[in-house]
Amino acid sequence: MAANGSNVVSRGAVRFTEEQEALVLKSWAIMKNDSAHIGHRFFLKIFEVAPSARQLFSFLRNSDVPLEKNPKLKIHAMAVFVMTCEAAAQLRKTGRVTVRDTTIKRLGSTHFKNGVSDAHFEVAKFALLETIKEAVPASMWSPAMKGAWGEAYDHLVAAIKQGMKPAAA
């Protein structure tokens, strides 16, 4: 890990092929300008698949604001979606998940405190892949693109889980 708290997270080099990188970069280029809307759709899909996941978010627990209109959810969703996509886009070039050390530790700690489990990460992965599939042109989506985004997501989750360990919290 970098002593200056910058961009190093995962231990050891990540294997992410040129083809995977190209698929992620091509699709992210299409989604980037609409990341606020797409990120919000990503979270709405999470709550559609797992309504109880709302309880994991302090700003949603006692809120009467519909998810579609909740400004805090919109801000959070965009930040998470952009971070996920940017980390995926950098994976091959850097050989690791590139999210600030302090951010990944905070994410790990927050996810640990809120009781996020492997099942929650799987729901989020499903929702992410479905959201990306809906956001890119149908002719672009392929099993290879799904695999590239899935692998990138898995690397990000592995980095977050490192921060979820009690010793790291």
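Quick reminder: no glycine exception, Cβ is built from N, Cα and C everywhere.
Record features (Swiss-Prot):
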BINDING   SER58, LYS72, HIS76, ARG106, THR110, HIS111  heme b binding site
DOMAIN    15-165  domain 'Globin'
MOTIF     48-52  motif 'Homodimerization'
MOTIF     118-130  motif 'Homodimerization'
SITE      LYS146  site 'Homodimerization'
Spacing of the two Cα atoms, LYS146 (site 'Homodimerization') and SER58 (heme b binding site), in whole angstrom, works out to 31
Sparsest Cβ environment (other Cβ within 10 Å) among binding-site residues SER58, THR110 belongs to SER58
Counting across all protein chains, other CB atoms within 10 angstroms of the CB of LYS146 (site 'Homodimerization') number 15
By Cβ distance under 8 Å, which residues at least 6 away from the ends of the motif 'Homodimerization' (118-130) in the same chain are close to it?
-> 42-43, 45-46, 48-50, 53, 56, 84, 146, 149-150, 153-154, 157
Taking DSSP states H, G and I as helix and E and B as strand, how many residues of the motif 'Homodimerization' (48-52) are helix, strand and coil?
-> 4 helix, 0 strand, 1 coil
Among LYS72, HIS76, all listed as binding-site residues, which has the most CB atoms within 10 Å of its CB?
-> HIS76
